[in-house]
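J.: Below is a structure I'd like to ask you about.
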Amino acid sequence: MHFQWDWLCLGVLIISSVTAGMESEENLDADVEVENFDKQSQEADVDRDKSSLEVVYQTPKPTGEVYFTETFDEGMSGWVLSVTLKEDMDDNVAKYDGRWEVEELKENAMPGDKGLVLKSVAKYHAISAMLTKTFVFDDKPLIVQYEVNFQKGIDCGGAYIKLLSSSNDLNLEYFFDKTPYTIMFGPDKCGEDYKLHFIFRHKNPKTGEYDEKHAERPDVDLKKFYLDKKTHLYTLVLKPDDTFEILIDQTVVSKGSLLENMIPPVNPPKEIEDPTDKKPDDWDERPKIPDPNAVKPDDWDEDEPAKIEDPDAVKPEGWLDDEPQYVPDPNAKKPKDWDEEMDGEWEAPQIPNAKCETAPGCGEWVRPMKNNPKYKGKWRAPMIDNPNYQGIWSPRKIPNPDYFEDLHPFKMTAVSAIGLELWSMTSDIYFDNFIICSEKEVADRWAADSWGLKKLVASANEPGMFSQLVTAAEEHPWLWVLYILTLALPVGLTVLFCWPGKKSDEYIDFKKPDVSKQITKGKLKEVTEDFEDDELEEEKENEDTDEDERREMEETKRQLTKDNTEKMGREASLSEGEGGEDIYDDEEENGVPDEEENEVPDGSQEGDRSNKSDSEDEVSLHFSLLSPCHCPTSYFPSLSNWEHHI
């Protein structure tokens, strides 16, 4: 049973590890899972039964003040394609001639729901639209939100947007990479570098120049959002208190302060290193120096080599000094097209010498090298603390002539247009449901009526649990081992507990003897003698056993023999009565009841006659009872029960 409990504990541990491994995978995905949209989705006309999910799509309508919205359900009305060229590039490749289309999703589409799709590969794309009204960074938050679906995954390319700076010179037909923008936000990927941009251009109050400030990289693994071919919701929230939040699928993946979490910082340092300062020639930066008072020991020999030949080595017997390790291949033939004038004299390729395979070695034998016990190497003085150490030199600090302090970087340049200026090696990048507003509730309501419905449809069409497990195992092959263990353990434990193995012979319980049968004095004497003979034989066979254990066994057997002989003698005396042989006459003198005091019913007398006729069976029965027992001593209590019956 203890062994079985060990197996049970082992099974529980393995199942727990499997569960923990699967939960770690789920927790990794849960970091970027969407929040519950039940409240928002209750007002939508949605049947939540996945077996027959039908979504009636309606173009979402903003529920509050907005600066821009776009669903593309009515086409690209209001959007302007760029006709300009990129600078500093050949005209043939600098054109913004990438194609845009308005289409439904390739998978999990809802009838009537359309989006803007980037169609061309390895071409520059540029398209933009004016906001409904200009957003001025004052006392209201800025919320920018839109959807992206990499329908074919993504190799190298971006899906970010630009909020173009408000200007009298802004012309959307000439929108290109150098067009001034205030904010750039969205996903970008090339190779294994997965980015989520948030960049804003900050105006230097002293010089009037603009510098790009990049938000620190999110701590979340973004790979899934680029490869799962699902529609994801990207949200940027800028607040007047100079803080920001970045969300994917309405889950925060990055947040911070415009003053503290941007690279480079918005405000320059008050002091900078003096560019004219130079380190003095006598400046000592060494923390340790060789001890000038140290002297090389007289017995230090720097000429001793690190390795020497082993003088005790002996050439192995059978070493073939005259045989080379490699010989020309006797089966090689010169190629027919070999030109000795062009290729030189042909030589057969070298192959290992067959004679060396059975010998200790071939060629000239050289003594092996060993470490030289006299080797000490080049002597160097020990290192001590440098009394003249002055520390690491650094230039002195001076006031920063370009220093300024902007305590409210939220007050950025106003924006009046939105644009997508992209290049990609993958086509069919889907954009949809842009909204720019100041109230989070408005953005959430918009998401519930658009992206929330897409999520429901995609969830209804997702593969079953088995398919997901197979997909996960294809990405992580080690999961197959966990699956097999998870399936095999319940079966194995069931077999172990329901069909245990057969017990060893030494644990088989001995059948209690039938003590109802009786025996005569003569037969009892014969059985006793046979028992003593068998006991002597067993003592001879067990001479090599432990002496203490043997004495204990012998004492137990003798005591049993004595007790059983007396008790069975009484049984025999009772069965024969006064007419039988005299058994233990002294018992009668000591008060053993006579025949009249112990009348036996007729049925019992008939049973006695039957017992006498079956005396041979009785002898064999008690012989088996009194024969040496090979069972463990733990089974002797059963013999005490036998005595009780007698």
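Here the Cβ of each residue, glycine as well, is placed from N, Cα and C on the backbone.
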J.: Could you identify, going by TrEMBL, the member of CYS9, CYS190 that forms a disulphide bond with CYS156?
T.: CYS190
J.: Run through the Cβ atoms and count how many others sit within 10 Å of the one on CYS156 (disulfide bond).
T.: 14
J.: Can you tell me how many other Cβ atoms are located within 10 Å of the Cβ belonging to CYS190 (disulfide bond)?
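T.: I get 14 for this one.
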